[in-house]
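What follows is one structure encoded as structure tokens, with my remarks underneath.
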């Protein structure tokens, strides 16, 4: 585009940019001046150019003062008169205070300590504390429709401001726009603090001599498109809450580190060119200078040291990274004209929204800008930031928001309340001090975006890899050394950033080629030297960043697509490492000498160090100073080795430098020609004497200027090499006993300090002895090499006989160097060969074939327990899981079993041996018949008084005291009632102790079943200590008290959450006070507040003695034994049985009333049946009487039947009366018999109580007789009735 949006690339523009920035700063500092005065001054300076060129744009035909008023009213056309008064009132208030930048009320709010941020997802306001390093967020309540309806108002921000300048000055050109853009780039907050009119005044002041170029008005369609694009980018910035640290740290998300990106002429996102010579005017998007670190101090930023470490590498790769990531930056996808137009319109658009937004809650500004640049109030901001964390979490939970940002909050542990927000989609935990991530992150199943960059993480929990919807994961700037193998379980992952870590290798088991959704992979600035073969087959990657590693990739290859980079690595073949012939020729050294590795260089240094040690001992120097120097130099040696390997991208560079040192050592008398260039790490040390060397060089050649500090000094002789490397690599004398002293005296011949004849003779003798020793060592090494060659030949012959392929043999670098340097005058000292110790046979090995395995009796977190027999002894065999068994695990297992089998204690399960075969590893222990304490406690049929339970807990404490008293300490790691076994004499023995190797190897499996017994610090993955066993012992005490399962009815996550919150198991009201106090002490959250097992023993012993005393007193006084348990199960409420006789008596007493009731009911039924039968007989007799009466009434009846029937009736009535009397007598007899039986039972009970003798058989006899006596009258009655019926 043309007009004011064009960019002027002339030198005059670059010179004006620095002046403009200074003028803008001065304008912002003196912004309290009146608006009309600034513009009037400009108009007075330009009286000759009034309103000549802007009649078409602004229709302003007034004089200078009226023009200023018109521009002011047009700039504030969207606001009311009341708003203008408020703005002017606030500006006046700002002028009364100290050097506070004046701002509108819609932007400042500096009087309030806490600002309000507008939520991006809803209209609710969120109070958020601001950290001093956070940038302001521009959240404006302007809808897209409002932007489209107010296009006429938006246009004047770009055009009217510049046109007013044309009307007043007639000199608004490209340089003006350039100044506007520079002002926007200098500080994002200055855009907010300055108004449209102050911008025009600065342009008028800075551009008096520029060319006259009139700006044409933009078309509404073009402006509408540009505004829509700017609005979308600004909404994206608001949604992601970009911070100033993003550009400083260089995490690669919204932008890269500008210290890397900036070149001598680099085009920024606003379209202007930054010069490499102007450090103060070159700024990034966040508003901070590139080469200045004034915004962030070392104390405020824990990551600044990391950026400084990589500064040299970043400078080398600056241009390269600019070219490589050109396709990923949004700004570089646009043309230059579009960038220029966007920058100009962006300034006007922001200014328009400054006037439109009057609510303080919509805009927030960092407070550190208003502290005069001296950092005042930063400590208060840090406190507010810590206080702000729970407020953010609570606000997100209340609003049901899907995004939570806790970045730059100095968190060491993630708050547990975060895991309760299950609706989270976006979680930002960057720029904290996190070392571990809780396993509860697996609860956030809806999480899509997770940022953990700029922390101290070394590993991730396995629950994180089960998140099904995670698409973006940032892990850059941490301490990862390997790529997690479980990362391929994140099937939805699209972006993965592992840059700026310490990754040295990517395992083939990672299977990154199977992650088809992964399109962006960032592995910058690690220590990768190769990639797995299956990763090279990945064809789904669209972005692959590999710069800053040790891969053989140059800039041209890194610019290519990921597929081309991977194809190049597939066909790459590493060349043979050779010494650079050019460097050797410059140093006048024999080019046939091969390079040496790190170990050989250190060996050379150690020889010099040993020689210096001997000379210092002869001089009897202070040993304390010597030890301090030893420690310092040992650290410097490690630093030398690490930094040389890390700083050099090529692996051969360090070897070349080491080779130069060796060559200088082997040829001390070489003529001084071109000097040797050594790394700066060797030479930037003030105590090494390099300054003296420089002084000598200056004395010899005064006209030659000394090199700067950044360049490495040079060494012209062997004495400086000796002094420098011996000072740095001074090692312990114990490590150098076998090393012979080095011929340092050869280098001392050239120095004027050693010219005595005696010293020369001593030196010659020492040289002869050293040469003899070295010759002997060479002979021994030659013999060893011959033996090795013979062994290799024998192995090759065996392989040829067996038909196996031959493997090429790789010689050691040290041996190669020694063999090739045999002909040289001064042989190279070497490191003594390591003696390989022959592994001793395992003493406690139990072959699996000798064990007869029976039924399974249990199952644990890392094995199954079987009952078995070994050599006639009943044993328990624990078969370990062999999922990932390797040789190291078997070796560690043997060491631990060797230690455990030597333990002997009555409260410890006896280890008898182990089978260490990789196919079936197992442990053999003694077998205890009663089983585990957990099964005994859950069996209600087994009665256990309080004294027995106290004794069981005391036995457990004794066993744990013994384990913790061993050296080294044996930590159980899984103490619970399932691992406490009971023998026949009710003695507890601790089982499954030790085996840290197996338990740590299967920690996840163990945690699944024993979460309720695990200490809080173990759940937080802070490691096991002996106090973790004390916490588990508290849960065991609770089980002994209640005989219940802890945390019954809760799943694992609920238990973990309750333990993290500090919740503990409920304490019953009937618990003894001393016992409850001990439990509360043992399950304290702070491990330091928990007692040790030696402290627990006397407490348990005191409670046992008190219970025994109470028990004896209660027995002597005839009272029941003291009971501790639920009141409903108290046996004292019931009469306890004394012996078997009383139990039988009680059973009979309960059975007899029931039998009597049944007999009475039967008698009543029988009597009713008899009465009914008699009534029927009476009715029949009445019928017969009626018939007889009828016969008597008739005279013709010849028989006297009436009298016969009357006699029979009388007889029948008599029999009936007799029967009734007999029935009554039987009832009376039964009652008497029952009374007699009751009397007999009472007498027997009294006799049993007095004598205690068992009941004789008389009870059964009487009982049978009573039953028979009841049955006989019934049979007699039935017989009598049958006789009567027969008679009838």
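Each residue's number is its place along the chain shown, starting with 1.
Glycine too: its Cβ is placed from the backbone N, Cα and C atoms.
As written in Swiss-Prot, here are the features:
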ACT_SITE  974  active site, proton acceptor
BINDING   857, 858, 859, 860, 861, 862, 863, 864, 865, 878  ATP binding site
COILED    221-248  coiled coil
COMPBIAS  1-12  compositional bias 'Polar residues'
COMPBIAS  13-79  compositional bias 'Low complexity'
COMPBIAS  156-220  compositional bias 'Low complexity'
COMPBIAS  271-291  compositional bias 'Polar residues'
COMPBIAS  302-343  compositional bias 'Basic and acidic residues'
COMPBIAS  344-354  compositional bias 'Polar residues'
COMPBIAS  376-386  compositional bias 'Acidic residues'
COMPBIAS  701-717  compositional bias 'Polar residues'
COMPBIAS  733-757  compositional bias 'Polar residues'
COMPBIAS  1257-1268  compositional bias 'Low complexity'
COMPBIAS  1269-1282  compositional bias 'Polar residues'
REGION    1-132  region 'Disordered'
REGION    156-223  region 'Disordered'
REGION    269-386  region 'Disordered'
REGION    690-717  region 'Disordered'
REGION    733-764  region 'Disordered'
REGION    796-825  region 'Disordered'
REGION    1118-1141  region 'Disordered'
REGION    1245-1288  region 'Disordered'
REPEAT    400-421  repeat 'LRR 1'
REPEAT    423-444  repeat 'LRR 2'
REPEAT    492-513  repeat 'LRR 5'
REPEAT    517-538  repeat 'LRR 6'
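Annotated features, which come from Swiss-Prot, shown on the structure.
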| residue | record | CB count, 10 Å |
| --- | --- | --- |
| 857 | ATP binding site | 15 |
| 859 | ATP binding site | 12 |
| 863 | ATP binding site | 22 |
| 865 | ATP binding site | 21 |
| 974 | active site, proton acceptor | 23 |
About how far apart, in whole Å, are the alpha carbons (Cα) of residue 974 (active site, proton acceptor) and residue 863 (ATP binding site)? 13
Where else in the chain does the repeat 'LRR 6' (517-538) make close Cβ contacts, counting only residues six or more beyond its ends and a cut-off under 8 Å? 252, 310, 313, 471, 476, 491-508, 510-511, 544-551, 562, 566-567, 569-570, 646, 651
How about long-range neighbours of the repeat 'LRR 5' (492-513): same chain, 6 or more residues beyond its ends, C-beta under 8 Å? 250-253, 306, 310, 453, 468-485, 519-535, 537-538, 545, 548
Any idea what DSSP makes of residue 859 (ATP binding site), helix, strand or coil? strand
Residues of the repeat 'LRR 5' (492-513) by DSSP state, where helix covers H, G and I: 5 helix, 4 strand, 13 coil
Using DSSP and collapsing to three states, where does residue 865 (ATP binding site) fall: helix, strand or coil? strand
Helix, strand, coil: count each for the residues of the repeat 'LRR 6' (517-538), based on DSSP. 3 helix, 3 strand, 16 coil
